[in-house]
Every structure is written in structure tokens, then in C-alpha cells.
Amino acid sequence: AYLCTIDCELQLILLSETLWFLSLVSALPQSSFSSSSELSSSHSPGFARLNRRDGEYCYFPYFSLDFPSGHGVLKWLLLPFLMVVDTNWNKAFSGNTNADSVVHNKLQHSIKARFLRFVPLDWNPNGRIGMRIEVYGCTYRSEVADFDGKSCLLYRFNQKSMSAPKDVISLKFKTMQSDGILLHREGRNGDHITLQLVKGKLSLFINLGDAKIHSANGQINITLGSLLDDQHWHSVLIEHFNNQVNFTVDKHSHHFHAKGEFNYLDLDYEISFGGIPVPGKSGTLPHKNFHGCFENLYYNGINIIDLAKRHKPQIYIVGNMSFSCSELQMVPVTFLSSNSYLALPGTSGQDEVSISFQFRTWNKEGLLLSSKLHQTSGGFLLYLSDGKVKMSIYKPGKAQSDITAGVGLNNGQWHSVSLSAKRSRMSLMVDNDVTSSAHAAVPTHTYSGDSYYFGGCPINGNGSECKSPFAGFQGCMRLITIGSKAADLISVQQNSLGNFSNLQIDLCGIIDRCLPNYCEHGGECTQAWNSFYCNCTNTGYMGATCHYSIYEQSCEAYMHRGNTSGFYYIDSDGSGPLGPFLVYCSMTDTTWTIIQHNNTDLTRVKNANRENPHTVFFKYTATLEQLQATINYAEHCEQELAYHCKKSRLLNKRDGIPLSWWVGRTNETQTYWGGSLPDVQKCACGLEGSCIDSQHYCNCDADRNEWANDTGFLSYKEHLPVTEIVITDTDRLNSEAAYKLGPLLCRGDRTFWNSASFNTEASYLHFPTFHGELSADVSFFFKTTASSGMFLENLGIKDFIRIELHSPSEVTFSFDVGNGPFEVTVQSPTPLNDNQWHYVKAERNIKEALLQVDQLPQRTLIAPSDGHIRLQLNSQLFVGGTASRQKGFLGCIRSLKLNGIALDLEERAKITPGVEPGCPGHCSSYGNLCHNGGKCREKYNGFSCDCTFSAYTGPFCKKEISAYFGAGTSVVYNFQEYYTIAKNSSSHASSFYADMTLIREVITFTFRTTRTPSLLLYVSSFYNEYLSVILAKNGSLQIRYKLDSHQDPDVFSINFKSMADGLLHHVKINREEEMLFVEINRNERMHFVLSSGTEFNAIKSLVLGKILESNDVDQDTMKANSQGFIGCLSSVQFNHFAPLKAALHHTSSAPVSVKGRFTESNCGTSTGADSTSSETTHSFSDHSGPIDEGEPLANAIRSDSAIIGGVIAVVIFILLCITAIAIRIYKKKSVYKKNEAKGSENEDSAETALKCELSMQNTVNENQKEYFF
């Protein structure tokens, strides 16, 4: 490349105000201009000044300027080239298209540099490369100090100067060393503040000393910046005002509140810069002095370097420090790609190979050096492998010799490498550390070759000259030494030494792509030379930048993916800043989100008054921000607050202040109680007019010497959840109270069904501009019959984002962030305009763009590694149409979310012509979620499953209904009574059974037993016809049909194994006239042919368990009926009848009778045999299936033992209550008195008695709603 350089001791700073700027270039001496060559003496670099009348243009391959007289502020440039400054910043500017016109270019960003370099990008091929330039700026004062790594500067100030409430330290520094102390201040007890370079990063460390080290706030360590050892100027600003600290390095800032640390710091009245002058009072503080330059060092407005230059008494200098910044002559080289290489000559035939250099990179792999040995086809390789340096010497017919040194060398830091091979021995050392060295014997003598290839090999070179099985090195090298001679890289740049390709010489172009860290939600950033990567493990998010949540935003969303009740993580704001948290989703007919807190027990309160109140704080399993998001999205939230009282008042006021109150998330005091409304200061009984004393608005305010309660649900969402309760009226004689706060309960999701219908192609909704500069995700559901249409669009000046239905089977996501338009398309194998709901998710971040439609494979487009990254939009967001008047969308859009924030389509649709709120027809898409004969029913917001004609229950008719049958239990379902009732109705069932004669039936049930013989099911008729299903003595299943009263029954045995094994068995019987099909356990299928008839006439009843009436049945059925059925029956279905469900849930309305021991249970589930219920929690990292399955983290598995255990618990509880009360009565009537010390021994008994009293008094209320965790 052709280059032009200006050495200008110049500050290039963008100023927004209009100032008077000076011409900087015209005043430069001739020596400040240089170029790589010149056409003639009349075309020398000095003639490059704009508007100069003598001489001609400067014609050059590269061109340099130097401003040695001082610094300046640059505002305008007149140039047609790429400008590169010494801060590793470059920008292309347009130039003139003829010989004489002047083009003005204004800088857009602040740049600070001494050297300017101009690289011509294009020129007239019929002419020569030439230019004239002017740079405009203003004067700039600079005070510099040079520290040699052994020196430091100590500033002492008086105590009066410390009275200022604000401390400000500002400075600029540049160095080539990765470690060193910039400033340090300490006190007598080990307290200190240190600003220190550590591995090229700047750390602000605050320590409170050894005595306070145990405190969680005892240490602060903030790290900013990266690669600060690049010999470029970097600015630092530390501001401390009260306890607020602002720490800024270059453009990166960190603001934090010190939480009182500075109030405890005991510091001396002196501060050192560049190092620590003497061993610290804090003991063995490891440190290394700073080696480099400071510029404009100010402490509270005092110019410290100026004081040092004037030898002021406040300044003490340790070691040698100068006031000019020395420039180290160290030339780095950058290997830009895997095809880069640097070839340097060597001395052939020497018996020793000795090479050293320094390198820095992010890549784990890459070739560092290769060379062919003298007079042999062998050679040696030096390469990076997994962050370690390896050296290999190979010769034909000889075993390869390998040694390895170092570890983690791809950390972006400078590392030195020294290798030598002499005679039959080779050695390798990394970072001059003998512990990181390796040695090995070589089979034969080695002699040096005549060429060394650094970083890679020529693509079209001689294969025998440079051989490498490894990819090329990408990174920087410097201080290359071959033998004892340093390589002159400037001569290489001028093509007078060696050879190279695709290098940057005299510049290390390494970039820290993890600064700033674009990995969201705590993702860990790692990087290679060209890109960075985010490790999203254990964050709860996925994607290239850990942007998109792997969890649903609500329990409602989980339920409509077919999930059942259980513990789930939800992410209330999706890809927003709030993290996921664990809740329990109770998925019944209504989906409840249950969020627990740390104190759900009934808590007793005594001896509380105004001066010594009883205050309790509640901590939830989510933060208040997470709770607020969940509550805002919910349709309804409530929380039960029970207050039991005996001579303990709530609202009776003294001096206008209530006696007890609670606080919600808004941190406001609330004086209304459960079941009441805000601002009325009443309890539920006060609203209903049912308080025990009509003169008061709460039962407790009656102030009676007996237990009363004010219990109810708080349901005003703005005040939930309860975070604090304060009680002050339990310090009188016989005064006490007890309270219990239930979990936060929320139902529904307002955003999940929020939708709008677009009725014309010209209609659309508009919303404020979408702000997703670095990461943007959009998700929604749509359904349509149109072939194409625009879902949404948002425009900027040039940038845009757009999602559209491009064709009936194609969705397109297109955008432009300044790199030109990009497009991602998903092609569906089936049409998407089928009037079914389809899901679309699009995401764009700085690494990639992706699009997913339904469960189709996700399409991904990789972003350019060094392109524009910010999406800058300024127009309104259009939904369902577009401002550019393209074809709008016809159909419905639902649950539209941008970066996790839902847009309220319905509210905007209410005021927009051509758009209607809501969208009917959910069953067409979600009807398949209704299982086991359940029917989908439309609702305005969603749908529901009608399980009337299903043997199952639950939101999707998937919950099995099971019962345990004891000996002699009989459940009889009478069809004739049903027929009589339903005969005059128009229901499907009544018309189906109008003549009570069946030619087909479908029977399904599940059973579990160990008893044989057993009667599982019996269907009778008025004509002595019947069907019986039994387990024979040997455990085989028998189906007996008698459809002709004059013939013996047809008997069909399934005896492949004993089914009385205590395991669950699923049976399905399907008869079509004389054809009988039987399915066992959903996989064993067989069919039979009936001979006794095809019509089942005048069916009468269905019996489960024991037949109690006398019936004319065969002998084997009688034997099976002798003990009936003992065990578990589940999900019994006979055509459209569910007799077991009717017996358990509809005993008052269904024609069913039950006799004997009959208990509802979950014994029909696969784990129902266990005597205890269990819950298992699974992490998503252990989940091997796809994320889209949405399985709960823990599914609640309930068994019949829960009911039995509950009954036992109630009995025990009542006995304990009676015992405790008896103890209290006995103790009250005792002839002797207990003293205070012994009274506490009976506290537990008294507590139990209190709970018993409350339980007996409020049994009905307490059992209305119970939640188990």
C-alpha cells in the first residue's frame, strides 16, 4: 500500500461548537513532511501544503507530516485518501475528481494522535498519485512525564485541601508494558486505593484494611479497558463525590455506589504516581512500577506535572523521571489473515539455530515459524496448538522430535519465545521463564537453512521451501531476532529485505472484540482474531449473543404448548434485562402462576405496641422487578391475607394512625385488608356489612376477648405483592394475634391472546420507533388466507427492518444496518395461508440474523465481522402495513413482542379504521390440544377444552380419573335412567341411544390389580344379554359377549401373560357388528369374530367392581364376581359415557350409584403405585430433548397416598389439638403456679393449641383453597 504519514504532536478532537480554527499544516517546517519517494525535487513532500504557490504537487507512494512544535485540535481535513492515525483509527474520505478543486471533510468523532498517515485508495490511472492538504485545529497544552519503571512521583497535600466534597483525578498515559501502578494512596491500617495496569487492563482497587477484610463491602475491584499496553494515549478519569464513584477509561465508564466504604477509609495526605516509593504500610502489596508516559495529570484541578517541573515542595520525585516522552523504536507487524507471511533471510549451514521474538494473538492455533534445514528435506516448525507453543523437528527416515512450552498464550498479551537447536539438542522457552521451558534430544545434527517464514507460507511458493500442515498465524509479532541480529522490519516494508504478504508493518492491529462485551445476560465472551463467541451455559438464554430466553414468559404460554402442572422457569420480559425465575404453574381450567415467599406459616404475635411493633418482611422467589413484570402481564392477581385476633385491633385509630398495616411493592402503607378495596380502610366484612360489631369496619376492631378474624384476598394489582406487615396492638392483657400470608397468585396472560384483525390491505397500526440497536428480536403469531402481505416495518435514514409474507409458503426477514440490505427466508413445505395460527420469530444481533417459522428448521445469516453493527431507526413502527405503500396484510396478528415487550394491538385497533381488536377461530389451530374425546370451544381470548364426554379431565382432557376399589365395591351407571332423562333432549348422546340398541361400541379403561379372578367391567341389558370383562384364575384377560339370550356367550381370551401383576394395563375394546378388535397396552393388537349376534339390545347398566343384583351370567363371570374387583380402575369410557368420572365428580346429577369402599386416587398414572408422591427437578442443561418441548423443570406427581396421608394428618392434628387444650386446662386448674422461667417450657403446646383453636374456628374458610409446595 502507498502511505503518507504526518508526525504532528497533534490532538484530533471533534468539537460541536463553532470555534476559530488555525491552519496547522501550512506552519509546519519542511522536516515535518516525508514520503516514501518523490517524483523530483520540485515534487517533494514539502509542496503538499494546500494553496502553496511555489513548487508542484507532492507525488508519492506514501506521505508523512510531523507537527513537532506542539499539539492541536483538528476540526477539518482536506484530503482524498484513507487517513490512519497512531491511535489505530482509520477512516476513508472522498477526494476531488479533477486537478484543482478542493474537497472539505469534517471529522465525525474525537481522535487523538501525533502521526497522520494517508493511504491513496484510488487515482487516475493515466496520471500520478499526488495531493495537497490542509488540517485545521487549535492550540493544545500538554504536560508530559516519562517514568522509566523505577521512578515515581509523590504529591503531598495539606489536610485543608481534603475538605472538598469531591475528588477528581484525570490523566492520560501510554506504555508498552502490560503491568504497572499508575497511582497509589494508603493509610496506617492497610487501607489503600490503587490504580494499576494488570495484563493490559486498568483496575481500580479499594481496600478497607486487614481489620475490615471480613466485610462484604471491604473490597472493591473495578476493571476497565483492554490492550492498553499498545503505546497509544489512553485517558483516565476518576470522580468521587460523597459515595458515588465514576471510573472512566477512554470511552468506557463504570458508575458505582461505594455503600459507605469511603467513610471508613483512613488515608494519609499523600498520593504517589507511577509506583510506590517505599514498602507499603499494608505489608506485602505486590506491585510493579509504571514504565511509560503520563500527560496532563491533574488532582482536583492541580497540574501535578507542572508542579514537578517547577520543583515545588509538595512534589517528591523518586528515581529518574524526565519531562519529555521518549519514543521506543519498536516496530510491530500484524498478520492480518491466515494467508499472511513474513520471509526473512538466514545464514545457511550454521550448526546452531537461534531465534527469538514476541507475539500476541487471540487464536489458539496457528503457525508461528517454519524453516527448511540445510542440505536436507527436513525442517522445523514452531506453532500454536491449544494455546501452547510447540516445536517440531522432522527429517526423512527419522522420528519427529516435539517439545511444548507455555499455556494459555492466546490471551491477547505479549509473550516472548526463544528457541534454539544446536547439534543434537533443541530447547524452547516462553516468557523468559525457566519453568515454561522444554528441552529434547534431536536424532541427528541440525544446520540452519537460508530462509525463515514467520506466520505462514506463500500460497504459490515452493512446497519444499516452506512446509506447514497448520493454518497461518493471525496476530502481531515484534522484536524478531535471528541469531544475534534484530530484523529490520522497516527495510522489509521498503522491499529492501526479505519478502511479505498481507501484513501491516509498524502497527499492531489487534482488537479486543470482547470490549465492550456484547454477550448479554451474563454470557461469557471468548474471542479469536476475527470474531467473538458467547458461552450461554447456565444463563437461561440462547443465541449467538445469549439474547433470546429459552423459557416462556408465562404459565399460560406453557399450558398452550400442552404442558401440565408443575414447576417451570418463566422469563417475564423475554429477552429483556430481567432473568428467569422458578414458579409453580397450576394448569387447571384456569392457569395460575404461584410465587412463594419465605414465611407462609401461621405466625403468632404478642407484646407488640407502637414503640415496639412486630414487623415482618417477606422475600419472594423473584425480585420485585420480576414480580412487577409478571403482575403487569397477568389478567388478575391476588394474595390471601388472614389476620386472626383476640383483643387486637386493626383500624381503630389513635391520632389518626391505624394500629396495623401492610406494605406492597410500591412501598406505600396500606390500611385496607383482605377482601376489601384500596382507599376505603375497611375489611371485607365492612364492605359487606357483616362485621360482628356493626359500629366497626373490621371484625377485629370489635376488640373482643375471643378469637375473630379478618381474612380475604387482596387483588389490587398495583399494590401486590405484600412485602411487609406491621402489627402494634397485642400488648394488652389477653391480647394476641396471628397472621398468615399466602403465596402470590396470578392467572392469565394479557399478552398471549392480544390480537388484531386487519380487514383491508391499506390498514395498519403504528407504534413508537423500535429501539434494538445491537440486538433485536420480534415474535408473533399470524393467520391469513392471503398469499402475501407485510407483517411489520420500521425505517431509518438508510437502515430498516422488515418482516413479510412473501408468498403463500415463504416468510422473509430483511434489514440493513449500514452494510447493505440482507435477507433471511424460510420456505415452508406447506402453505402458510391456511387460516391456521403460525409462529414467527426473527432475531438480529451483531453476529447473525435468524428466522424461524413454526417448528421448521431455523435459517441463519452470519453478519460481517467488521461491518456496521447498530440498527438506527427513526420512523414509526408499522404493523400490518407499511409507510412505503406496499401490499398490506390481510388477516390476524397475535402476541406481537419486540425484545420481550408486548405491543397492545387491541387498544390501538380500537381507534384505527380497517382494524378490529381480537381475532376469532382459535380452535382451528389449537383444537388438537384437546385429547381423549375433549371438544375445543371458542373463547374471545383463546379457547377451552370441553371434557364432558371424556373419561379424562384437566385443561386438555389429559388428566386421568382413577379410583381405588376395595372388596365388595360396586359402581353402577344406569343407561335406562339416562335414556328417560335425555329422550326429549336434542343432544348427540340421546339421539345416539334413542333405541337403546348397539351394533358397535368402543370401551377403554386402565386397571391395576394382583387379585384373580376379578370382574373388571360388566354391561347388562333388559333381554339377558351382557358383556363381561374379567381376569381369569391364571391372570389372563377374558372378554365375554352374550348377544343372544338363547346361546352361550362368545369367550375371547388374551393370555399372552398374567395381567394380575400389579402393573398398569391399558385395554381398548372396539366392536363393529360381529368384528371385535382388542388392543392391550397400546401395542398388542388382535381381532376376533362374534358368533352369538351383532346387536346389543336394550342395554340397562354398566357395573364396575361387584355385581350386586342377581343376573343370569355364566359360571366364570360369577366366580370373578364373587369378590368383585380389588385394585385400581382408571379412565373408564363406554362410547360417550364416562361412568367412573360420573361417580367421582357428578354423583348428584349423574345416574350412578356407589356402594362400598371407593376412593379417588392417582393410581392410574405410571407412578401411582408408589406410596408417596414425589417431585423431581430437572435442569435444562440435563434436558436432552429440544428446547421447544417445553417440559417443566419439575412435574408434580400426586398419588392416592396424598389423600390418605391428608386424612391421617387431620386426625393426628385434631388429637394434638385436644391434647394441647387439655394440657392448658389442666395447667390452669393446677393447685400450684408456674414461675416465669418455667412458663416458656409450654410454649410449643400453647402454640399448637392456638392453631387448633383457629383451625376449628375457620375450618371451612381454611379449606376452600390450599396450595402445596
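Note: Cβ is positioned from N, Cα and C throughout, glycine not excepted.
What TrEMBL says about a protein is an automatic prediction, not a curated fact.
If you look up TrEMBL, you'll see 1163-1179 marked as compositional bias 'Polar residues'.
Positions annotated as disulfide bond by TrEMBL: CYS892-CYS919.
Taken from TrEMBL, the feature domain 'F5/8 type C' applies to 59-138.
Residues or ranges marked as domain 'EGF-like' by TrEMBL: 510-547 (among others). Distant neighbours of the domain 'EGF-like' (510-547): 225-227, 230, 252, 334, 360-364, 412, 474-476, 569, 571, 575, 577, 579-580, 774-775, 777, 843, 845-848, 850, 865, 1180-1181, 1187; these residues of the same chain sit at least 6 beyond its ends, with a Cβ under 8 Å from one of its Cβ atoms.
Within its own chain, the domain 'EGF-like' (920-958) is flanked in space by residues 559-560, 562, 564, 587-589, 591, 752-753, 783, 835-837, 989, 1004, 1131-1133, 1136, 1138, 1140-1141, 1145, which lie at least six positions past its ends and keep a Cβ under 8 Å from the stretch. The domain 'EGF-like' annotation in TrEMBL covers 920-958 (among others).
What TrEMBL lists as signal peptide is 1-27.
In terms of DSSP secondary structure, the domain 'EGF-like' (510-547) contains 0 helix, 10 strand, 28 coil.
All protein chains considered, the CB of CYS919 (disulfide bond) has 25 other CB atoms within 10 Å. Long-range Cβ proximity for CYS892 (disulfide bond), meaning a same-chain Cβ under 8 A and a gap of 6 or more residues, is found for SER755, ALA756, SER757, PHE758, PHE782, LYS783, THR784, CYS919.
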